[in-house]
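Colleague: The signal peptide feature in TrEMBL is assigned to 1-18. Feature annotation from TrEMBL assigns domain 'DUF4369' to 27-116. Residues or ranges marked as domain 'Thioredoxin-like fold' in TrEMBL: 226-320. Summarising the annotation, TrEMBL assigns region 'Disordered' to 338-357. Annotated compositional bias 'Basic and acidic residues' per TrEMBL: 338-349, in sequence order.
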Amino acid sequence: MKKIYLAYLLLIILSACGSKNTNSVYLNGEIKGLGNDTLYIYGTDKFYNRMDTLLVKDDKFSATLTTDTLVSTWLQFSDGTEYPLYLNKGDKIKIKGSAAELTSLEITGNAPNEELTAFQKELKGLSTPSEKALEEKAEAFINSHPSSLVSIYLLEKYFVQKPQPDFSLIKEMTEHMTGGLKDRPYVDELLDLIQEEEKVSVGKTIPYVNLPNAKGTQISRTSFKDKYLLIHFWASWDPQSMEANAALRRIYKKEEKNKLFALWGISLDIDRKEWEEAIKRDTLKWEQSCDFSGWNTAPIKQLAIQALPANLFLSPSGKIEGKNMSEEDIKKKLEEIEQKEKEKKESEKKLKKQNRR
């Protein structure tokens, strides 16, 4: 009886030892020069929708976190710097680095962290890290790692966040990704964005859009009959929009009497007074519209506008001939239109002379 009891007790002890949380992630780090600080780890999707706190003492920190699957998170420092961190159940993650270079950490303990570490080292080896060279390295990594979460990070950083993203290239790279990666919320949302973007890509005709001006009159593309039209999206609360308005003011001053060209400002303001004050203060003499719905205004969704300022350059028939054009791009485009119009008139004159003979 005593032997049976001891055997039973041993079984309980062994079971207790084996009941260790298999969803644990063990994290240890040392970042020289960090001293005593507080760090945060947070996720941005359903797989890790929480924030954890890490206390740093004498440059070192450790924690035991939990997750039941491979997740993409961010390690945030007190100065606002963020670095991607990948966690999976059973991982023993080690982080090394320097407080002087928080954007280049050495992280080991699982495949994606080590892949990103190797990629960052490869970038450091570039003699001239130009934007083009960085993008080429990122594209090569993405195409050769179709199932890595790091590919999503590089896609976002080097391609999606560009002022004028090449959505055809982005789509091509996402098509190479495996099904598991495509099922991630970010990629799913990105593919939806690309689908919307394709509807208003260069060469496409924009959908019908109308908004009221300050007098309440509904304005649409057809209000600018037989004219090339630059639609400019802006807001009084956006500093970059103010810079863009200054550039457009210079263009308008030169092109005010141009019968072939018009400007139409669409604001994302929600306060009428602030909108009207900005128009007056910045001397925006061209047509302005706003329905005070902010980012919920209909044209934002219809025209796949993702950031401010933004613009679309339309032909008289409503075809998109340019997107998010700079001041110099717009000037060049207008010069081309002027030259084309001169050639057209000269051709018509020659034709008339020939008909008179």
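Here the Cβ of each residue, glycine as well, is placed from N, Cα and C on the backbone.
Predicted automatically and left uncurated, TrEMBL annotations should be read as such.
These figures come from a predicted structure and were not determined experimentally.
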Colleague: For the compositional bias 'Basic and acidic residues' (338-349), what are the same-chain contacts with Cβ under 8 Å, counting residues 6+ beyond its ends?
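Modeller: For the compositional bias 'Basic and acidic residues' (338-349), the sequence-distant neighbours (Cβ-Cβ under 8 Å, at least 6 residues beyond its ends) are 260.
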Colleague: Sort the residues of the compositional bias 'Basic and acidic residues' (338-349) into helix, strand and coil with DSSP and give the three counts.
Modeller: 12 helix, 0 strand, 0 coil
Colleague: Would you list the DSSP helix, strand and coil counts for the residues of the domain 'Thioredoxin-like fold' (226-320)?
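Modeller: Its residues divide into 35 helix, 24 strand, 36 coil.
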Colleague: What does DSSP give as the helix, strand and coil breakdown of the domain 'DUF4369' (27-116)?
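Modeller: Breakdown, helix to coil: 9 helix, 49 strand, 32 coil.
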